[in-house]
Amino acid sequence: MTTAPTIGVFALQGDVREHLGMLTGLGVEAIAVRRPAELDVCAGLVIPGGESTTMAKLARTFDLFEPIRQRIKEGMPAFGTCAGMIMLADRIEDGTRDQETLGGLDITVRRNAFGRQVESFEGEIDVVGLDAPLHAVFIRAPWVEAVGDSVEVLARVEQGEAAGRIVAVRQGSLMATSFHPEVGGDSRVHRLFVDLVTEER
């Protein structure tokens, strides 16, 4: 019998408790990551929503930025939600002048895109790999403006003024969503990430 993977949640900002609860409910050993030593034991990492510039600064302050970036380069699975998507993006539109990202996803993200358009909203979307539509919650969320050839689009907004916008992607061992899958009790997107981590072990 294979032991469950240990998956960390970047715990310096964002919906940390909600992500930990989702992962634990899926039978995973889930831990809060605030120090490099905690990152070292993780087979995968969730980067939650929050404020992306603040997250980057906190990661620098707590000596986590470069260790996370290096682990991602080495192939550690990571899953970014909302601001976490921005943190994993290689390119940002409407970012601050000195904004840093961890990178790894060959995507261009527009920061706070839904914030200017429709503020926060909820809606049903189809996600590749899920057997039924997902109720997605967007909170001043980014969207993906462009993807590289090796990026798989997992979901788009289906209705309203943002219809067609890309809101979930995967590239290799990295996943990201514009929406907050930890809100609302549906653990299927987290299950996709747990399966990804398990495949990569």
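Using the three backbone atoms N, Cα and C, a Cβ is placed for every residue, glycine included.
Binding of L-glutamine is annotated in Swiss-Prot for GLY50, GLU51, SER52, ILE139, ARG140; the matching candidate from ARG71, ARG110, ARG111, ARG165 at the same site is ARG111.
Here the candidates are the binding-site residues SER52, ILE139, ARG140. The one whose C-alpha lies nearest to that of GLU182 (active site, charge relay system) is ILE139.
Shown in sequence order, GLY49, CYS82, ALA83, ILE86, ASN112, ALA141, PRO142 are the same-chain residues outside GLY50, GLU51, SER52, ARG111, ILE139, ARG140 whose Cβ sits within 8 Å of the Cβ centre of the L-glutamine site. You'll find the Cα of CYS82 (active site, nucleophile) roughly 9 Å from the Cα of GLU51 (L-glutamine binding site). Cβ neighbour count for ARG111 (L-glutamine binding site) (all protein chains, 10 Å cutoff from its Cβ): 22.
A 10 Å radius around the C-alpha of HIS180 (active site, charge relay system) takes in these binding-site residues out of GLU51, SER52, ARG111, ILE139, in sequence order: ILE139.
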